[in-house]
């Protein structure tokens, strides 16, 4: 074998090793998932390297890269797309072009991205909103919100809440031809977190007379107290969202001080005086038995109260909707929850399904046995289209 052939063989082996990701046997389109994961992994590694050099924060670098996937608000033959502001919060509005004799449904959508990344202008969210508006014959509001690391909790929550409250004003609904009795809210990942949180907040808001009919939560992040549940342990190195990166997202939501991230990874961020909150996220009693799989629940290692005093957001129900008590959950609207088997956030969604049902809320749970976190947004994958079809069909039947 010549030197050139040996060199090419060596390079090929290294490339294959870098791209290859062990995947479960039931994975559909495994090589396409590996390739998508390689792209994400490469972007993350470059962003980490740039951060280590002290040039840019990791999230700023990733957001810069994602900006190339944003698309303008261009109308098509089916949907009129415009940009405006709801209470100074930028939103995209999608209105079907076909005439409707009746008032339309309204759907308020919140993008994901770990409270640090993403935009309503992203190609995948733009396309999802177009499809939903057209197939559901609904007015879709896709909201933006200010992001970490520049802004921290509760800014993201407040931006979304203020945008939603503006949309729910009677004159705004009338302007867009929306039926006030057929309004829903939805979001994925961090957007699912914000959707659940603002839905709870609306229940106690006397100034909002129009209530939501449904909430649809797609693999939502719902609590940062216990990041060692079975799904976090099983899927710590799964494609698209690893445990270490999810913990970084949670930490960045509250602060750029990485001592919180370190404490979360060692399960030492919750002070003993807040120990009563663990009953709301105790997976040993809230997960169906098949998801526990022999894992043994262990009591957390309580940390200093200093972190909680400096960054109380991680103990705030507006950041962690699973911390709501049963009386609050009881008032929740009809709910749709998507969870994925190979997702660190799987157990958050499963626990919320259990708690909502225990509180008397009607819940449709779509558990995707071969799903990974983020598949809703990877439109290159067949599974993405199946999930979106199921999601829109549920909305047709229930909104």
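Positions of Cβ are set from backbone N, Cα and C atoms, glycine also.
Straight from TrEMBL, the features:
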- 189: active site (ACT_SITE)
- 343: active site (ACT_SITE)
- 373: active site (ACT_SITE)
- 107-265: domain 'Alpha/beta hydrolase fold-3' (DOMAIN)
- 315-376: domain 'Alpha/beta hydrolase fold-3' (DOMAIN)
- 6-25: transmembrane segment (TRANSMEM)
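Rounded to a whole number, the distance between the Cα atoms of residue 343 (active site) and residue 373 (active site) is 5 Å.
Rounded to the nearest whole angstrom, the C-alpha distance between residue 343 (active site) and residue 189 (active site) is 11.
For residue 189 (active site), the same-chain residues 6+ apart in sequence whose C-beta sits under 8 angstroms from its C-beta are 112, 113, 114, 218, 219, 220, 221, 345, 373, 374.
Summarising the environment of residue 343 (active site), the number of other Cβ atoms within 10 Å of its Cβ, over all protein chains shown, is 28. Other C-beta atoms found within 10 angstroms of the C-beta of residue 373 (active site) number 27, with every protein chain shown included.
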